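**Q** A single structure is presented below for examination.
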Amino acid sequence: MGGTSSKLPKDLLSEYQELTFLTKQEILLAHKIFSELQGGENGPYSSRVSMQKILTLPELKANPFRKRLCHVFSTSDMKDGSLNFEDFLDLLSAFSDTATLEIKSHYAFRIFDFDDDGTLDARDLEKLVNCLTGETDDTRLTAEEMRQLISNILEESDIDKDGTVNLSEFQHVISRSPDFVSSFKIVL
Amino acid sequence: MKRRLKCLKEAQAFVEKFEGALGKGKGRRLYAFKVMMTKKLIKFNRDFENFKTACIPWESRIKEVESHFGSSVASYFIFLRWMYGLNLVLFGFVFGLVVIPEVLMGMPYGSIARKTVPRDEQDSAMDFSVLFEFGGYCKYSIMFYGYYNNQRSIGLLQFRLPLSYLLVGVGIFGYSLMVVIRTMARNANEGGDGAEEGAFTFSWKLFTSWDYLIGNPETADNKFASTTTSFKESIVDEQENLKDENIHLRRFLRVIANILILCCLGGSGYLIYYVVKRSQEFAKKDRNELTWLQKNEVEIVMSLLGLVCPPLFEVISELEEYHPRIALKWQLARIFALFLGNLYTFLFALFDEVNAKLDNEKEIKNETIWALKEYYDNYTLHHNVTENIPPPNISPADVIRGPCWETEVGIEFVKLTVSDIQVTYLTILIGDFLRAVIVRFLNYCWCWDLEAGFPSYGEFDISGNVLGLIFNQGMIWMGAFYAPGLVGINVLRLLSSMYYQCWAVMSCNVPHERVFKASRSNNFYMGLLLLVLFLSLMPVIYSIMTLPPSFDCGPFSGKDQMYDVIMETIEKDLPPFMADIFSYASNPGLIMPAVLLMVLAIYYLNAVSKAYQNSNMDLKRKMQMVEGCVFGCCKSSGSSHSSSRSQATRASARYCPRTSTRSRHGKRKRWTTTTKIVSSKEFLFVLDIKFGTKSNFKGVIYAI
């Protein structure tokens, strides 16, 4: 473990296969990519890769939610978004083809919850819209449009009218969308 | 993950420790054996799944395209790959059950008349121009119907080739039908729980519009821009809907447009008919006198029509001023009608030719009988024997041949397919590659910005390509019975097309301005494929049932009808009671009630499905009411962090007072809107969007 070209031991591989939605090839590919990201750092399996390095992956580079992804899947105590190999596998498993709708919607909710308070309130939604509309000024919505959009969304999704979208409401909305499962996918 | 690993390890240790204890007494060994076999089976299944995913070809290539262009363009390549798989299986059938037996166990080339090039054609049989037209050695090869011998059973294994030929010809359709329907069913299952009338327009757009497979910054920028504009446009479009216009002028213009389009369709049909008729006249003249244009007129005309007419339809549809989504439906329907009309006119013209050949054949048949009679008479005269006259000692190349209409039909289809392939590849080369080269290199010395302005780089035309693929497959299905080699040609074509188009897309195309997701479009294309399958089945079945086979070529020569092979097999090879069963089964008195029963079954299933839909709607409404009530309860009891749906459903089992003030069903006005579509090709990737706003927002006009 942790050598120059560390191989994944077989029992760990089969355990990962049981615990995630990934196939053997996908786990091995993830291991290879993760080892490359680790670079020269030799360490046991729980060694962490910093968020900047994770964000250099081509699949994540163009994603507007990349930082949130790292934060959600990171189990580090320092809350710095660094991922170890098992976190990385968790991420890939949640975004894999065979993951169920419940898993995906659960993680989607946590990704969209920018302030980690367990609900999507107006501030979270605003940040979400800004993520989706890009960085430059001419693609952003004006304040008036934003307000209108957010009130439309809350009206559609907020069942108990408390001004926030909680997990159950979110899952209720998402489960009816035909595109969600196919768009919420990352393949290495 | 750590927690899960710990749990898993504990569970595994527990199971190992106590495993044997479950099976008691005598059955212990058997139980342990069963457990071991189950474990091995699970492991085997998992390995097999891994192996299967590893076997899927071109996965990395498609993934690359997907990350650059989004999942809608990639869906075309996934469709192409699926078609390749289908054609590969069909090729396996045809090759393994028809071609190989004939080659290995049948008579070799040159032994009998039908397998030899006629004496007068032998000089030119190897010329490239003749081979290119699929004449010469090509015509008298395994590629076409005429080569196959009508011997009832051949070789050591007594392989019944004519029967196999007929069954494979029909089996191709059966297998394709099965695969298409199975794929449609699978797609329908994955399509979510049918929330077509989503009240969640904006929410969906917000939460699900980002395609996580996009890995390219340029595409991501496009996606950002399109998301923004889609937010804004859905409101602007809704304003357009409310505009009140001059209805009569619109109707008049639409009628004119439809008349124009009908004229175009009729004109193209007539043109094809005329050209095919002319080609028959050309065929009578000497081949060397014809120019290349005259020889290939039919194929050129058909391909040109396929290229020119769709843009023409688009221009005419500007008159109609339909909503973009409806305009696209019309456009696709018209292109479909164009292709269909062309194909069927071609078939009808071909049919006339076949009938002419059949008449010709009668004459030749009489001639051959007369020649044989003469030979016998001469022989009797010279040798004074009237019985046991040996057959005429003529070399196979000199025998008088019938016109063999099936081979001619096969040749026509093969030529059509080949020219279609050529046109497609040329279009990509010129339309995309050359254009990209010109834009890239002339940009340095041109007055306006070529990349941003007029020609710019092409976008990948998804629906055009998919329609082309579907119609190509239709032609293959039609022609496969008369030209067994056609399926092989198609397999090669799909294989090369995969690499060629992947390369072309990556190097010459830019991502669409509006990057759409391929949501529910897969079943639409499958439905089209199914329709084309039925339409191509009909001519083949008709010709099998009604037209008599040629008397001297093909596996059915000498019979009155092609399906006589089956009758013969039933009589001679199967036990006698089977013949009785078949004769009972084909009795109209039995078939009519069976058809009636099926119609009734369809009606009943339709009624049941409607009832299910209604109850579905009721349940949805009830669920919304209950959830509103539940969340009201949970909120009022202070637990606002309900973490899972199961908790909510458990809560709903408890009695809670109906909080009428929290009911979300105020009066809602629903307008149907669509997002504005840049080009007419993106129809299928636009979600139908309805949104409801409270009535007090009705008057607000969103000024952008």
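Just so you know, the numbers here start at 1 and follow the chain as drawn.
Each residue, glycine too, has its Cβ placed from N, Cα and C.
Pulled these features from TrEMBL for this protein:
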COMPBIAS  B:637-654  compositional bias 'Low complexity'
COMPBIAS  B:661-671  compositional bias 'Basic residues'
DOMAIN    B:404-519  domain 'TMC'
REGION    B:637-671  region 'Disordered'
TRANSMEM  B:90-109  transmembrane segment
TRANSMEM  B:130-148  transmembrane segment
TRANSMEM  B:163-181  transmembrane segment
TRANSMEM  B:252-276  transmembrane segment
TRANSMEM  B:331-351  transmembrane segment
TRANSMEM  B:475-495  transmembrane segment
TRANSMEM  B:524-545  transmembrane segment
TRANSMEM  B:590-612  transmembrane segment
**Q** Count the CB pairs under 8 A between the transmembrane segment (B:524-545) and each of B:90-109, B:163-181, B:252-276, B:331-351, then give me the winner.
**A** B:163-181
**Q** Could you tell me whether the transmembrane segment (B:252-276) and the transmembrane segment (B:90-109) are in contact, taking contact to mean 3+ Cβ pairs under 8 Å with a sequence separation of 6 or more?
**A** no
**Q** Summarise the model confidence on the domain 'TMC' (B:404-519) as a single mean pLDDT, whole number.
**A** 83
**Q** Who are the chain neighbours of the transmembrane segment (B:590-612) in space, where the CB to CB distance is under 8 Å and they lie at least 6 residues beyond its ends?
**A** 584
**Q** Run through the domain 'TMC' (B:404-519) and tell me, per DSSP, how many residues are helix, strand and coil.
**A** 83 helix, 4 strand, 29 coil
**Q** Are there residues at least six beyond either end of the transmembrane segment (B:163-181) with Cβ under 8 Å to its Cβ atoms? List them, or say none.
**A** 86, 89-90, 93-94, 97-98, 101, 148, 477, 480-481, 487, 526, 529-530, 533, 537, 540, 544, 555-556, 562-563, 565-566, 569
